Amino acid sequence: MALEICVKAAVGAPDHLGDCPFSQRALLTLEEKSLTYKIHLINLSDKPQWFLDISPQGKVPVLKIDDKWVTDSDVIVGILEEKYPDPPLKTPAEFASVGSNIFGTFGTFLKSKDSNDGSEHALLVELEALENHLKSHDGPFIAGERVSAVDLSLAPKLYHLQVALGHFKSWSVPESFPHVHNYMKTLFSLDSFEKTKTEEKYVISGWAPKVNP
């Protein structure tokens, strides 16, 4: 029985994959495990009733597995790892939280209108921590030679960071973080990433209402 997954449709383009990094994380996991799945694009500004019936809070992603609909990307990734253990994607516990604060600090900086509020510095601190991890461990991924769950969580978030900050703030990751640059290049060149990424213009249209409410 094929798996089914509900993910965000693009803002203003409901027939295209949208800009939800948590949806892409789930799709990346499905792709890395070479699983067959059917995708449902959900227009989050006009949610169909059948979707609200399976996801009362109206959140994506939602995965149908064993005739049950499961919400939350953390839960989805855990279930897929348990049911389809090959190839293994579980990240060793000591590396599982690497980069976990990047997305939050990115969002704060992106929406900031005050250049002196410390939000840029907070993001740079997190990127420096990622740089130091990558520098002190054999890569190219967080946990070594093989891609794992932490990479699949970070990849969409770093893509959003690159696209949105480049567009709205003309900002990019400093060249003083060469390992982060190489890591992003490695992630973005994965076949699974190419297949599941949204177009840059939809990342921008997705963030626009949050940047300029």
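Here the Cβ of each residue, glycine as well, is placed from N, Cα and C on the backbone.
Taken from Swiss-Prot as is:
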- CYS20: active site, nucleophile (ACT_SITE)
- LYS8, ASP19, LYS47, VAL60, SER73, HIS160, TRP207: glutathione binding site (BINDING)
- LYS8, ASP19, LYS210: L-ascorbate binding site (BINDING)
- 10-83: domain 'GST N-terminal' (DOMAIN)
- 84-213: domain 'GST C-terminal' (DOMAIN)
- CYS20: S-glutathionyl cysteine (MOD_RES)
- 20-25: motif 'Glutathione-binding' (MOTIF)
- 133-137: motif 'Copper-binding' (MOTIF)
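Residues 5, 7-8, 60-61, 73, 77, 103, 152-153, 155-157, 159-160, 196-198, 206 of the same chain sit 6 or more residues outside the motif 'Glutathione-binding' (20-25) yet have a Cβ under 8 Å from a Cβ within it.
The full span of the recorded glutathione binding residues, LYS8, ASP19, LYS47, VAL60, SER73, HIS160, TRP207, taken as their largest Cα to Cα distance, is 24 Å.
Following the DSSP three-state reduction, the secondary structure of TRP207 (glutathione binding site) is helix. Put simply, CYS20 (active site, nucleophile) is 9 Å from HIS160 (glutathione binding site) when counted between their Cα atoms.
When the C-alpha distances from CYS20 (active site, nucleophile) to the binding-site residues LYS8, SER73, LYS210 are tabulated, the minimum falls on LYS8. Sorting each residue of the motif 'Glutathione-binding' (20-25) by its DSSP state yields 5 helix, 0 strand, 1 coil. Each residue in the domain 'GST N-terminal' (10-83) has a pLDDT score, and their mean in this model is 97. Among the binding-site residues LYS8, ASP19, LYS47, VAL60, the residue whose Cα lies closest in space to that of LYS210 (L-ascorbate binding site) is ASP19. Taken residue by residue with DSSP, VAL60 (glutathione binding site) is part of neither helix nor strand, so it is coil.
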